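Peer 1: Structure incoming, see below.
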Amino acid sequence: MLSIAARTIKTTSVKSVLGPLTSIRTKVTLPDLPYEYNGLEPYINTEIMKLHHSKHHQAYVNGFNQAEEKLEGAFKSNDLTQQISLQGALKFNGGGHINHTLFWQNLAPKGKGGGDLPKGALASAISKEFGSFEDFVKQFNTAAAGVQGKFFFWCTDLYLFKQGYNKASKRVEIATTPNQDPLLHLIPLLGIDVWEHAYYLQYKNVRPDYLKNIWEVVNWTTVSERFAKAS
């Protein structure tokens, strides 16, 4: 994060050179959805989308900005204890913002890209690692439905499952990270939010039904674009 890096540099022997950078801080805003709140009906209903985007995601944005403001003050006052204590809030809320932004982009209305099957190089990579697209979905859903606790399987109860690309081994993988941690050790391609707030108003406690239906609105065009850049 540029603001943290810049303020950290100020505490070194070169602070007189880089001092002006300390006025730079990261402030995030709630992104607009690339579709209407009712655009993912009937697979994700309008009420869920309104609450999820305007309330839950907005809370992560607010939490991150508040923590950043406090951190700026902690650096100015050289309060190391405060600087350290704020890292958890920055990580949780910043990760929540990153993960949800990715999630919105991964979805599209049916008939406008949502549910269209992956093609080309991405389809080949999925088949290579999982046998077929159907086997990939089955493995993904089985893992997502069964995991317990606060995890991103790449969180009471948000889980965000992600498909990622391992640039070193050139493989498409399914991975997991705890809490709201963003995916750092892989390049994120696809994220599906399975915290209860993402589905409970519509699917109650039947998470497998949500996981079955959400593939009808997954935007594989966006996933394929990420894959092309990554590979």
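Don't overthink the numbers, they just go from 1 along the chain as shown.
Note: Cβ is positioned from N, Cα and C throughout, glycine not excepted.
In TrEMBL, annotation is done automatically, which means it is predicted and not curated.
The Mn(2+) binding site feature in TrEMBL is assigned to H52, H100, D193, H197. The domain 'Manganese/iron superoxide dismutase N-terminal' feature in TrEMBL is assigned to 29-108. According to TrEMBL, the domain 'Manganese/iron superoxide dismutase C-terminal' annotation covers 118-226.
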Peer 1: Count up the helix, strand and coil residues in the domain 'Manganese/iron superoxide dismutase N-terminal' (29-108) according to DSSP, in that order.
Peer 2: 56 helix, 1 strand, 23 coil
Peer 1: Which has the fewest other CB atoms in a 10 Å radius around its CB: H52, H100, H197, the listed binding-site residues?
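Peer 2: If we count Cβ atoms within 10 Å for the binding-site residues H52, H100, H197, the smallest count is at H197.
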Peer 1: For D193 (Mn(2+) binding site), list the number of other Cβ atoms lying within 10 Å of its Cβ atom.
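Peer 2: Its Cβ has 26 other Cβ atoms within 10 Å.
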